């Protein structure tokens with residue numbers, strides 16, 4: 001095990017995860033006001049109407065696929081009676097469909113962002129960096145899958161990438177597994193960690209405010225006036241009592 | 001009975017001269033920032049006309065507000081919760097910036113920096129959205145005073161079906177102005193549409209607000225509001241709306257639009273209502289019954305049972321007294337001359353309107369008859385079907401009867417008061433013709449025509465002003481100097497990220513204290529920023545003048 005392997009497959013994941021978690025906590029506390037989707041629908045709707053649902057639904061399926069392929073151990077699916085070949089066929093078909101949806105959506109959205117004047121001028125450097133990392137990760141992941149299957153040597157990532165990824169979470173990292181994986185997977189994983197580390201500082205935070213609570217809350221929200229009126233927090237002893 | 005208090009407004013449309021002062025002062029106060037250039041929390045529309053944003057009243061297109069299902073339940077017209085979540089990535093009913101208008105500025109710079117040339121330099125318009133030169137094609141009041149009416153006003157959603165009867169030739173048409181703010185509905189569909197639950201109705205005074213820290217920019221409120229009075233700030237990515245100037249109302253001052261209204265046509269006051277009855281009233285089957293259903297939701301503040309119930313729910317005594325003196329309650333339930341805007345949206349709006357008699361009066365005067373004679377007026381109200389029908393489509397879901405009744409009262413007031421002003425014997429039969437007594441007509445005249453400041457605005461302050469005043473003695477933040485860390489500014493995530501800069505308004509009573517006390521009211525030993533706006537002219541606050549040079 002070389003120092004580089006430890007750096008890439010042990011140190012980097014932990015650093016990225018720490019930045020991800022602490023970064024989100026910090027961002028939420030510091031910048032609730034900036035925590036938004038920053039929608040540009042007001043400027044342009046024709047391309048967005050096509051690209052945005054395509055991308056978002058695509059990436060939701062991609063996330064589900066990753067849960068199935070990375071978090072769920074191979075032994076579990078086999079115990080459930082799903083053979084490797086069935087799993088592989090299923091994963092590749094659904095994965096390529098979802099990946100293609102995501103990529104097509106992202107392509108439309110990036111094209112829109114570049115060509116529609118108001119949308120382009122509302123794009124920050126932060127957004128551009130985020131787009132590079134996000135689209136880069138998607139392209140690397142989809143490319144690795146498609147290339148691997150086209151050259152007919154599909155790598156069984158459930159023997160390398162998945163156990164390594166899980167090993168990080170129970171604090172017994174197995175970098176040697178990841179070191180065996182083909183270059184495409186390694187690049188995809190590195191790009192994903194970079195994206196994770198950048199996540200809390202980008203507009204991607206809106207993922208964590210997916211409004212599922214809307215399904216159960218009452219329609220009209222009543223709230224009492226802020227406990228302190230005026231411009232500052234009340235002095236100690238002057239808080240409202242009711 | 002669950003008594004709640006609601007701060008509400010009534011506008012007397014006969015007095016509106018369409019000067020847009022309310023819009024301008026509101027904009028200066030609330031939406032003079034980037035990202036909301038196109039936003040007018042208060043706007044004044046000429047009716048008939050398309051309104052702002054264009055044709056917002058066409059709910060078959062925009063699907064705003066509520067609708068009643070066949071089983072008698074109320075549901076959002078644009079679809080239920082699941083449908084909202086499934087269309088969250090691209091809101092299918094969001095108005096585009098073109099439906100409002102593309103905001104612009106001018107190249108003023110050119111006027112002073114252009115080199116010497118034969119022709120006068122021209123400041124060309126520049127879009128505030130793209131930054132490019134632009135051609136101005138629409139604005140919030142482009143069709144002001146029926147400008148372009150033959151082409152534009154025919155697209156008013158309210159004249160659908162009577163297009164051939166509404167004339168837009170200059171001499172033959174009728175028009176009036178409709179100032180609009182957020183309705184602060186009892187059953188707000190914007191709040192119901194918000195996936196994040198960021199829009200809430202305040203329990204104390206019923207003002208509907210957007211929590212800027214919880215809004216995530218899903219834009220469903222914009223399409224959910226049938227009045228299109230929630231706006232999307234395209235720079236911060238958050239929804240914004242009329243706040244009923246809550247920092248002013250909390251200290252007993254009227255809203256900016258009302259305070260600056262030249263025609264003095266706005267009334268602000270409390271109504272008490274029964275929160276348990278709202279949903280049933282909003283779900284009545286017949287649209288024509290919605291007006292009466294909403295009136296029934298309001299409670300009589302003189303009724304001892306209501307007062308007791310209000311006290312039990314914690315409404316302070318002076319609020320109940322304010323509700324008893326409320327001009328809103330008088331106009332809606334006592335004189336019954338105020339009507340809600342589009343009750344058929346089933347949101348139970350709380351900004352009501354006294355429909356204008358002027359279209360009727362104008363016609364009589366133009367034909368050379370006596371426009372203050374009650375006989376002429378009553379006959380004209382019955383005969384002039386078109387203005388009445390149009391007003392009914394605005395205020396009563398198309399039922400002409402309540403509009404007729406209001407117009408007859410206004411006409412009776414006009415005739416009855418003429419006799420008094422000319423020193424003649426007042427005629428009870430005129431008042432009786434509108435179903436009122438002479439005394440009622442006179443009281444209504446005092447409220448509508450004289451409209452004293454204290455009668456128009458009965459606003460009890462919120463009960464924390466003393467704490468705030470005391471607090472202000474010594475709690476200025478020492479970092480709050482110009483450009484200091486307490487001054488906000490831009491964070492690393494672009495404009496206005498980071499901590500919030502709070503909305504401040506000088507405490508009304510404190511300001512009055514300072515202005516009227518004999519001794520110095522401001523603490524002069526505090527090294528705080530000198531605010532010339534509330535410097536009382538007494539004493540020499542430190543930092544106002546440079547230090548005296550020693551000889």
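Here the Cβ of each residue, glycine as well, is placed from N, Cα and C on the backbone.
In TrEMBL this protein carries:
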TRANSMEM  A:6-26  transmembrane segment
DOMAIN    A:6-225  domain 'NarG-like'
TRANSMEM  A:47-67  transmembrane segment
BINDING   A:56, A:188, A:206  heme b 1 binding site
BINDING   A:66  heme b 2 binding site
TRANSMEM  A:87-111  transmembrane segment
TRANSMEM  A:131-150  transmembrane segment
### Summary
Listed stretches A:6-26, A:87-111, A:131-150 vs the transmembrane segment (A:47-67), most Cβ pairs under 8 Å: range A:87-111
### Query
In angstrom units, rounded to an integer, how far apart are the Cα atoms of residue A:206 (heme b 1 binding site) and residue A:66 (heme b 2 binding site)?
20
### Query
Near residue A:188 (heme b 1 binding site), how many other Cβ atoms are within 10 Å of its Cβ?
23
## Note on the structure
Expressed in Å to no decimal places, the gap between the Cα atoms of residue A:56 (heme b 1 binding site) and residue A:66 (heme b 2 binding site) is 15
### Same-chain residues at least 6 beyond the ends of the transmembrane segment (A:131-150) whose Cβ lies under 8 Å from its Cβ atoms
59, 62, 92, 95-96, 99-100, 102-103, 106, 110, 113, 182, 184-185, 187-188, 191-192, 194-195, 198, 204
### Task
Give me the Cα-Cα distance between residue A:188 (heme b 1 binding site) and the residue listed as 'heme b 2 binding site', rounded to a whole Å.
13
### Task
Against chain B, with Cβ pairs under 8 Å, which of the binding-site residues A:56, A:66, A:188, A:206 show up? Give them in sequence order, please.
A:56, A:206
### Message
Assuming the binding residues for heme b 1 are exactly those in the record, A:56, A:188, A:206, what is the maximum CA-CA distance in angstrom, rounded?
### Response
23
